[in-house]
Structures are given as structure tokens and as C-alpha cells.
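Here Swiss-Prot flags 48-49, Gln126, 172-174, Glu192, Arg197, 238-239, 259-263, 269-270, Tyr318, Gly488 as NAD(+) binding site. Here Swiss-Prot flags Cys406 as active site.
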Amino acid sequence: MAEKRTVSPPAGTERRAKGWIQEAALRMLNNNLHPDVAERPDELIVYGGIGKAARNWECYEAIVDTLLRLENDETLLIQSGKPVAVFRTHPDAPRVLIANSNLVPAWATWDHFHELDKKGLIMYGQMTAGSWIYIGSQGIVQGTYETFAEVARQHFGGTLAGTITLTAGLGGMGGAQPLAVTMNGGVCLAIEVDPARIQRRIDTNYLDTMTDSLDAALEMAKQAKEEKKALSIGLVGNAAEVLPRLVEMGFVPDVLTDQTSAHDPLNGYIPAGLTLDEAAELRARDPKQYIARAKQSIAAHVRAMLAMQKQGAVTFDYGNNIRQVAKDEGVDDAFSFPGFVPAYIRPLFCEGKGPFRWVALSGDPEDIYKTDEVILREFSDNERLCHWIRMAQKRIKFQGLPARICWLGYGERAKFGKIINDMVAKGELKAPIVIGRDHLDSGSVASPNRETEGMKDGSDAIADWPILNALLNAVGGASWVSVHHGGGVGMGYSIHAGMVIVADGTKEAEKRLERVLTTDPGLGVVRHADAGYELAIRTAKEKGIDMPMLK
């Protein structure tokens, strides 16, 4: 049994650590494990199958103790969730450097990872779990909102009103889907095998209602579609069973996607025909049989998606590697539907835009509302962005420390960072602000089945870019920097980097913020310009980014 522990971040203006950066790292580590934030905090699991914040509780305690004693010119090294060393560096160096789940390519398989995991040698960090910047489902909801908004623009005249979106998976990431769809005016029918997860999304205002009856769910969805009413419905069921049944019934949704944890067949996907308890028993008793059955179920799931696509459903992969698993199981046409990045998001990446986020260390929601006003004032010409902030204020329930996310691009991030730092310096905000982002960003990830799928020059699998991103953020003075493997899509399919920087109101922080919040999105523009995207080339030239070989 997992050790029962409750972790929550300290808040307020008093710090226990020797500097605000160390204090911020401590609070954000604990925020990742807050019971309102983490999916399975007793097991240190934050989201995404087995994405963890620390390798085990002993490692967690050692990380906490070390952060409390860490000097302002020292750097703590984290190897797959374990604190392994402290070295004296300098005040502008990162206080923490993190490497999670990284395996030499020929060994980068789930089988080898699980062997090492059993020995206590490694940890799966997902993206923001092991890099201590997860903020609950809000962390993905604007990206999900933007994705569905682009679906609406491309296929439905700019709104999802009068449409049904069918999806599955209501975990930490997938839980954002119902709210994103209803924010775009549509009906969302979301299948989830675990009723507790559905209830959690209802409790946090991401989902409207739940049922265990397919007929009742369809009746509600069709009626709301007819009335052009926004509604989200959580259906208790297994997607590998429900989708084939819907195909038999002749039901075709308007939009179809999936956010189950198909990237990890052992820990993230329940095989068809099993209850949650039966699945847990089989997983422990015979993991190989479990994986085989889960993969067969994933294949059936994708075959049903393909059948619906042929009947007219706008279908896309939402970044969980479900197509690859199905293809490996013999579904030869699994890649007949596109991934969400090339279909809907890449133009934003070309401008250096991505899921920028910030957290109020004070714990006071008023600090976030004041920063919202900064966005509405300083970026008033960006109506999409302002619309998002206004909707977020009304619809987003904070999980753990108050936080906000919005997609800002090159130039915008640095401008925002300076304003926030000035507000901390003047006492307009009660405590420092943590600024970070998802690893899913314009220049920080190599993932051929997701963020870098179908690159114009064929450079999908080149992983130099996230490594350069991490190096650049470290020398620029980010507060903590991370390099992970396997986030989102599983072992062997991605390399990605994260950064977090603290606005503590000091002049030194102002300089670090200007450097990091310029170079971090700047590399995203460079990566896409180098691949030949005209929008990125134009952005690089307009912004004066120095690319020696740019024509």
C-alpha cells in the first residue's frame, strides 16, 4: 500500500529557505503533490499515468531538506527524482537542475524503464510533474481551448455550437477537454473508466454532469446539440468498449479525439472487459499479459476512431501516442488522422507562442487577479488572449496555489515578466511570482508523433533543439531547468526541456527574466525558421533574432 501522506505548499510572505528561488522550488514541489492538484499524491504521482514529482518519499524528504539549506550560490542536482549532489556555482545559475527518465536511445523502451524502476533507479517525470510546475488541469486548458477553437474555425464556421465532440480520458490532462469544448460553445461527451475522476472534474467545474448510461448520455448530447447549448457529459465506461458500440449504432460525432493515457499501456490504459479492481490485480500479477490486453484494446479503440473518421467525424490525435500503439498492433492505417500540433497549433509555435504560466507564491488569488489585469491592459489588442483571461476568471477553479496560464509569444513573455517583477518590487503583489511553462512549447521538445510531427524539412526526430533549449535557459539564469524523456507519448518517443524562473522583485531577477523570457521563446522561432516555416522566418526577421544562416 502507498504511504498515506498529505502534502500542501506553504503560502504567504515568510520563507523558510535561504532565498526566494529555493523557497519557490520547495513550494512548487509541494504544490505538485497537493491533494487538489495531484492525481495520486500518496504515490507521488502527479498526472499522466505515472508522472511523479519525486522518486520515492525518502527522496522527497531529502529534496525538501536540501532546498531548505541550499545557499544562494549553490545548485542542487536531481537525477530522476533523487537529489544526488549540491555544487557551488554562482547566484545567477539555476538553483536546481533536473534530469528525469533519460535513457540511451537503444535502451529507451518501457520494458527497460520498468526494470530500472523496480530497482529504484529511475522515475517517470512526464513533463511538468518531475519539473515541479504542474498547476492542475488549467495547465492544459487554454491550449485545449485554442485547439478546439481552431477546429471550429477550420470546420464549423468559428464555433462548436451545434456540434458534439466525442473523446475519452478525464485525467489531469484530458480533464481539460470538457471545459475547452463548452467554452467554444459545443457539446462534449467524454468517456472515462474511473468514476472518481469524472466526479473530480465536476467538483472543479470542468465538467457539467455524469452518467453510466450510454443511452442517457447520447440523449443528453443530441438534445443539447439540437438546442445549440454548451454541455459536457462524463460517461462512465471504457473507450475500447464504448467506441466500437457507437460505431455499431451508427453514431458519428462531429469532432473526435482522445486523451486516455495510451502512451503507457501498463499504467495508463484499462483493457476492455476488466473492472478497475480486476485491472489492478492483473497488472500486479501478470504485467506482460496486461500490456498485451491493453494494446489490443487500444487497437480496437483506434479502429473505431478510423471508422468514425470515414463517416465524416473531424478526427485528430491529441498527443498520447495512441496511433503508434495501434499501428504496432497491426492497425496499418492508424496514422490516417493527424496529430493536433500540425493540424491546429504549429502556426502559434512559429511565433514563439506556447503555454506560459505563472503562480502566486502568496497563495492569495488576488495576486493572480492583479496579473490578469496586466494582461488585459498590456495586450488589449489581442482579443483572443483577453477573451481567454475573462473566461478563465469566470470558469477556472484554482487547484493548489492560485495560478494562471495563457499563450504568450516572443517579446510578450519578457514584457510581462518585467511588469510582474516590478509589481513584486513595489509591494503590489504580496509575494514573488513563479513563471514557467509546459514542456510542450515551441522550441523545447522533439516528439515526432506530437509536437514535431510532420516538420516541413523532415526534422521531426532531431533532439538537439530541446537540449539547446535547456542549456540556453541554464546559462540565461532560469531558477530551475529540466530535461526529460518520454513525456506525453512514452518511452522512446520524445525528449523535452522545461524552465521555471522566479520574479522576486530584485534587479538581479529583472535581468534574468529579460534574458530567459527572450531566449526561451526565441529558440522556438529559430527552430521553426530553421525548418523552413515562412511565418517563423518572418517573425525572426521582424524581431531581429540573429540567425547566421537565415536567408
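Any Cβ shown, glycine's included, is placed from N, Cα and C.
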When distances run from the Cα of the residue listed as 'active site' to each of the binding-site residues Gly48, Gly172, Glu192, Tyr269, the nearest one: Gly172
Number of other Cβ atoms within 10 Å of the Cβ of Tyr269 (NAD(+) binding site) across all protein chains: 30
Conformational class of Gly488 (NAD(+) binding site) under the three-state DSSP mapping: coil
